[in-house]
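The NAD(+) binding site annotation in Swiss-Prot covers Asp44, Ala45, Glu46, Tyr47, Asp48, Ser93, Leu94, Glu127, Arg150, Glu186, Lys302, Lys326. Per Swiss-Prot, active site, N6-AMP-lysine intermediate is recorded for Lys129. As annotated by Swiss-Prot, Zn(2+) binding site applies to Cys431, Cys434, Cys455, Cys461. Taken from Swiss-Prot, the feature domain 'BRCT' applies to 639-717, supported by sequence analysis.
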Amino acid sequence: MSSEQKPVEDLTEEEAAAALAYLAAEIARNDALYHGNDAPEISDAEYDALKRRNDAIEARFPALVRADSPSRRVGAAPSETFMPVVHARPMLSLDNTFSQEDVQDFVAGVYRFLGRLPDQSIAFTAEPKIDGLSMSIRYENGRMVSAATRGDGTTGENVTANIRTIKEIPQTLPAGAPAVVEIRGEVYMAKSDFLALNAQMEAEGKQSYVNPRNTAAGSLRQLDAKVTASRKLKFFAYAWGEMSDMPADTQFGMVQAFGEWGFPVNPLMKRLNSVADILAHYDEIGLQRPDLDYDIDGVVYKVDSLELQARLGFRSRSPRWATAHKFPAEQALTRLLDIDIQVGRTGALTPVARLEPITVGGVVVTNATLHNADYIKGIGNKGEPIRDGRDIRIGDMVIVQRAGDVIPQIVDVVLEKREASSVAYEFPKTCPVCGSHAVRDINEKTGKVDAVTRCTGGFICRAQATEHLKHFVSRNAYDIEGLGSKQIDFFFESDDPALQVRTAPDIFTLERRQQSSLSKLENIDGFGKVSVSKLYAAINERRDIALHRFIFALGIRHVGETTAKLLARSYGTYEAFEAGMKEAAPLAGDAWNDLNNIEGVGEVVARAVVEFYKEPRNVEVISKLLDEVRPQEAEQPTTSGSPVVGKTVVFTGSLEKFTRDEAKAKAESLGAKVSGSVSKKTDIVVAGPGAGSKLDKAREFNVQVMTEDEWLELIGG
């Protein structure tokens, strides 16, 4: 049994450390998917279980609490699409409770911390926990000045223009409001509006949305505020950030004031004085849940007195005076009608169950996630059997679970109801979007086959195309000034043939297509004559490009900047590189061996590159690209007499005489290999001020450490 599965009380200290490392990474990954990408892969119940296990291990082994522990962190880092906003007061998360006993413990803890006896009554508020996107809206002198998402709790994303389109949120406050007001609450999409939007999408032949929460979050992150306005988003106010003056001295009074200022507040909020009353209201809200026109995943309890809230204070990432009482997962039995495959922006093929409509928790469910091919077969993430090894087949009667109002999932199969004629599901070997090969890679770290099946279509797969284009123009690839994420989205979505950019070659034909078009880019909002002229100049400057940048820009899986340089240096010209990849297609022979023998490449990378070139449409796109650009012959490092040729070098800390990129380029030109991490194979660590764990590791492995000046002296300035 692995450390991730073993009961907490049975863990050794070493196993606990390993489990905490795994949980920190897994929770951070899911935080990014939920808060950053609005695309959760697991249910709230599964996520909460991960966090509870992390907290339990930390409680038993307090000395092992990590710097990156989920118990010290809120949400996920803000995206780079919107400008960052630092919150005047952090937007913290709430601790969760899952049972009546947990709620009783929470209330008892409040009394204990304050030194109150049970007969010294403390009032609490109880309100539905809205399943939406947390928002902080700032007003100064009665006018809205900014709106930001939660982000990581400290820094969020500036979405002011989009928030202004939500009719329920006032643009100005009445004369009696304080000079500085930060209203916090939840942006959400009503169930009725969500169903209407999906009906519209289906009528237009477009893919429907998964659930109201993700749709609301995605709508709010639109670069075009007109799209946000069309989505009919709504808002509930329930908290505050910075306030120059407080209109009330209780939680209940503050929310009442928000309502008087014109903000929507939840009508189910109550002020209660006992655990029994709190739990009764929880049950009452649970009964009303199916009839509400918005998704909720629990009930939030808060100490009502602001004075007592201040005395209770905060833990590292949550207040002591509040908790969220989550609803349990809800299940129902229905028939699996079909399995569809959706392709994500990274090329991942995700199976989606199409179900006979069934009501789960008051909501009609017709789709459910099936995660990946192994999940369908009855195999877990670590190769262990799940559902006692029972596979899932089309036609099966299945148990569907809906936890926390997120995407439902199939948790079990009723074998007794399986028809004798049923057959095991065959996961597709080609991409349903573009027809390219679909493969399961070998994980470099574990050596095992990944659970995720990915499309190898690259450039030509529409599902991946925009992300590939953004990578293509990124700083270490083509680095085209004026062509960022926002512009790529605009060009990709355009229906005008003179403006469309669907593949990399389209970037370089844009100016020619515009010359013969009546619809000029310079006349479109956000561009203008000067910026368009600069954009064309920036594109034309990149027609000649270093070979390693060209290879990196192709977006081949596992090929990062360093690997691209190794490949460029080994093959010299693009013609030789492409010919070598095609000759290596059988994964055997001299060309395959040559590729595998490049130091720093290895079989996983080699296989990924060869698979990319086995796809005819990738080769076709590259052929068109080569009509427009000229990859330059790779410069071979002048290593004659170099004291660092063949050595592995790591730079850490601050460098004063070079940028990190300049130092790296110089070392590589002298025949050194520059690495981002220290290992026993590292030869030299160049440490500047602020060097941290890499310097410690270098000393641990007895690696030669030198200052920047000593390094310059070694290489001759």
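Using the three backbone atoms N, Cα and C, a Cβ is placed for every residue, glycine included.
Between the CA atoms of Glu46 (NAD(+) binding site) and Cys455 (Zn(2+) binding site) there is a gap of 27 Å, rounded to the nearest whole number. Cβ environment of Lys129 (active site, N6-AMP-lysine intermediate): Ile296, Asp297, Gly298, Val299, Val300, Ala324, Lys326 lie under 8 Å away, each six or more residues apart in the same chain. Sequence-distant contacts of Cys455 (Zn(2+) binding site), defined by Cβ-Cβ distance under 8 angstroms and a gap of at least six in the same chain, are Val343, Gly347, Leu349, Cys431, Val433, Cys434, Ser436, His437, Ala438, Cys461, Ala463, Gln464. According to DSSP, the secondary structure content of the domain 'BRCT' (639-717) in residues is 26 helix, 15 strand, 38 coil. Taking the centroid of the Cβ atoms of Cys431, Cys434, Cys455, Cys461 as the Zn(2+) site, the other same-chain residues with Cβ within 8 Å of it are Val343, Gly347, Thr430, Pro432, Val433, Gly435, Ser436, Ala438, Thr456, Gly457, Ile460, Arg462, Ala463, Gln464.
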